[in-house]
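Novice: First the structure, which I've put down as structure tokens, then a few questions once you've had a look.
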Amino acid sequence: MASLINMVSVSPRLSTPKTTTTRTSSLQTRPTLPPFSVSVPKRRLTVRAAETDANEVKSEAPDSAPAKNGSSFNQLLGIKGASQESNIWKIRLQLTKPVTWPPLVWGVVCGAAASGNFHWDFEDVAKSILCMLMSGPFLTGYTQTLNDWYDREIDAINEPYRPIPSGAISENEVITQIWVLLLGGLTSAGILDIWAGHDSPILFYLALGGSLLSYIYSAPPLKLKQNGWIGNFALGASYISLPWWAGQALFGTLTPDIIVLTLLYSIAGLGIAIVNDFKSVEGDRALGLQSLPVAFGEETAKWICVGAIDITQLSIAGYLLGAGKPYYALALLALIAPQVVFQFKYFLKDPVKYDVKYQASAQPFLVLGLLVTALATSH
């Protein structure tokens, strides 16, 4: 697991006008507050606070939700089918999309396993938990909140009930959350480097690099997600390679062969990322984003998706077999088979209708395959 950073300075300039207005959608541009400015070298980004009293910021539930009987559980996980919510802390949690944390946490587990130096004692367990918090809640939460911020125009078309386009949370609150999560992740990485006794702060560098990758993935002018191939591979690398590298660097040595192997595995992550593109086709097309379903058509993109996932894992199994580890290769093949079954049962039938069912059914086998590969490389 997954996104300017070391050179960014924030300089808010807020006055306190007496006029109070009603909060509207964050996409409307008639705020009563002065701009909140974020200064970046060679650029100046200005975002406007939502229409609220400067002395009292309240969150309101969105005017519409995807379903009358939305799920509170879905709301907390940050997935579709969420209920309306007015509690600001629940909305903040929703923006971080906790459902996306487990792959990053699992990546840390795989890296620790691949290091061959993890021990089931209090210190190593405590280190791994902090590394998981860094990778999941902090930096993945930062990435997801940042992505929702820069996707607010697309979401206004595809999912207008989401917290930012609906006005359930103010723009200032979103920006504050982005900074708190980013700094929390970078601070955690620095603590882990000191704790592990690293001569070079490799975990801090990984966290910094991953955060920068998240930024250029979501934000203009680069906005990697505008290109289906580059953007989805960057996303796949963030979810598979980076947390693995963090776990392995924490307990052992990050070697070139592991870097190449995990980057290869990230092609499967590219396929997983494509799954999420199908639900955004309308908004992507309207705003000129070249996601693979837009660029190639939904039918072709479905097969690109499953091909990236399956061929990558088959290649890894071949690598393990060639490296003299046939039992690990057979175990990985056994985990690929049910993924193919669920691809035909759900994803290839209707990638929009069955996306959640497909991912819930197939991805556990993929992440188990990651652990099998990690264990193979440690022996």
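Please read every residue number as a count from 1 along the shown chain.
Glycine is no exception: its Cβ is also placed from the backbone N, Cα and C atoms.
From TrEMBL, here are the annotated features:
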- 1-38: region 'Disordered' (REGION)
- 12-31: compositional bias 'Low complexity' (COMPBIAS)
- 50-69: region 'Disordered' (REGION)
- 178-196: transmembrane segment (TRANSMEM)
- 202-217: transmembrane segment (TRANSMEM)
- 229-246: transmembrane segment (TRANSMEM)
- 258-279: transmembrane segment (TRANSMEM)
- 327-348: transmembrane segment (TRANSMEM)
Novice: Would you mind listing the long-range same-chain contacts of the transmembrane segment (202-217), meaning Cβ under 8 Å and 6+ residues beyond its ends?
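Specialist: Residues packing against the transmembrane segment (202-217) from afar: 2-6, 131, 134, 139, 142-143, 146-147, 182, 185-186, 188-190, 192-193, 196, 223-225, 231, 234-235, 237-238, 242, 245-246, 249-250, 254.
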Novice: Report, as numbers and ranges, every residue of the chain located at least six residues beyond the transmembrane segment (327-348) whose Cβ falls under 8 Å of a Cβ in that stretch; write 'none' if there are none.
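Specialist: Distant Cβ neighbours of the transmembrane segment (327-348) are 275, 302-303, 305-306, 309-310, 313-314, 316-318, 320-321, 354-355, 357-358, 361-362, 365-366, 368-369, 372-373, 375-376.
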Novice: Looking only at residues six or more beyond either end of the transmembrane segment (178-196), which have a C-beta under 8 A from one in the stretch?
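Specialist: The answer is 5, 10, 96, 127, 130-131, 133-134, 137-139, 141-142, 145-146, 149, 202-204, 206-208, 211, 246, 250-251.
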